[in-house]
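Asker: Got a structure here, written out as structure tokens. Questions coming.
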Amino acid sequence: MAPQPEPSNQSSQSVENKEVFRFIYKNREYDVTEYVPKHPAGKSFFDKMKDEKQDFTEYFRCLHSKRALKILKSQKVVNSNLKESEESKQYTHIKKQVKNLFEPDWTIELLLFIGLSLGLYLGVTSEWYIAIPTIALTQIVAGWQGHSTNHNRNPLLYKLSIPYGIIHGFSTDWWQFKHNNHHIFTNRIGKDDDINHQYQMWQYGFLYLKWKFDSFLFSYNKIDIIFIFIHQLIVFQQKIWIYVIAQYIAGFFSACILIGNHEREYKFFNKIDKPFIEHQIITSRNYDWTDWLSNLLMGGMQFQTEHHLFPQIPFYRLPYAAKIINRELNKFGYKIHVGKIL
């Protein structure tokens, strides 16, 4: 990690007793205090982060766009004489090998959109024996595709992720706030809301229904609510019992995938005391299901570690990206954990 300059970032106070937020990006320390109220995640994120990391280089790079980087570099520099950490240099090296895989394949994106739209239509216009598997399959793949498009920072695809709510029924704003915290505070007890649940297995099936309810509550005053409302108008053209059963099946399947990715891996109970790459490797589990159908049904979550290192890579590019990432990680002595789903 980079040196820890004074003053410490632990709730430092100015003369006016104003809380100061300072973080290290590569070889510079920035005072981002003035930007905190404007950040989409709000002050709560910075309150969480200041107690965990002062050098947030890789955590910032893996999730943010070029525009966000420009905003960061426009903030006040309070120390420009720091040494970039070795972990940061390693991450830069690996990122260069897969940078060309960040951009979406528009042919695949179009086929996914058309296929999922047709799946939703078929699901609400068919008899129960066709509708249930069709709605379940559409919900599963649409959920993973929504996850992928929300992570990507291509400006056009990122904008299209919002109306995707018509198909999967989730709020982009709700998802961003919830899920990006998971990527930064992965397996940190008390800060990562995606882990350490005490659900019984029979409750897994309510995953998507709960997420849709949470999306509605979060987005009642946002543009997302329009697309969520349209989604509900469409799906309730079908009988309610058919829709609920299909959602339960989809939720159960996806919950098993997601819980297996993190719940039984290393957890931080006090502070994340590992550098970024090691943090993501020890808290994530991959699955040995790498064929194209598994990738579609799991949304690339069988490459969970690679996804956490480079979440902007579309899920359909992960099988190829994983080979490159693993090759480069091995050069630095890292090994990804592959295990069972349950």
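Any Cβ shown, glycine's included, is placed from N, Cα and C.
The structure displayed is predicted, hence computed values, not measured ones.
From TrEMBL, for reference:
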type: TRANSMEM; residues: 106-122; note: transmembrane segment
type: TRANSMEM; residues: 216-234; note: transmembrane segment
type: TRANSMEM; residues: 240-261; note: transmembrane segment
type: DOMAIN; residues: 240-337; note: domain 'Fatty acid desaturase'
Asker: Residues of the same chain, at least six outside the transmembrane segment (240-261), with any C-beta under 8 angstroms of its C-beta?
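Answerer: Here the qualifying positions are 123, 128, 131-137, 139-140, 143-144, 194, 197, 204-209, 284-285, 287, 297-299, 301, 304, 339-342.
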Asker: To what whole number does the mean pLDDT across the domain 'Fatty acid desaturase' (240-337) round?
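Answerer: The answer is 96, the mean pLDDT of the model over that range.
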Asker: Could you give me three numbers for the domain 'Fatty acid desaturase' (240-337), the DSSP helix, strand and coil residue counts?
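Answerer: With helix first, then strand, then coil, the domain 'Fatty acid desaturase' (240-337) has 63 helix, 3 strand, 32 coil.
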Asker: Cβ under 8 Å to the transmembrane segment (106-122), counting only same-chain residues 6 or more beyond its ends: which ones?
Answerer: 130-131, 134-135, 137-138, 141-142, 145, 157, 164, 167, 234-235, 314, 316
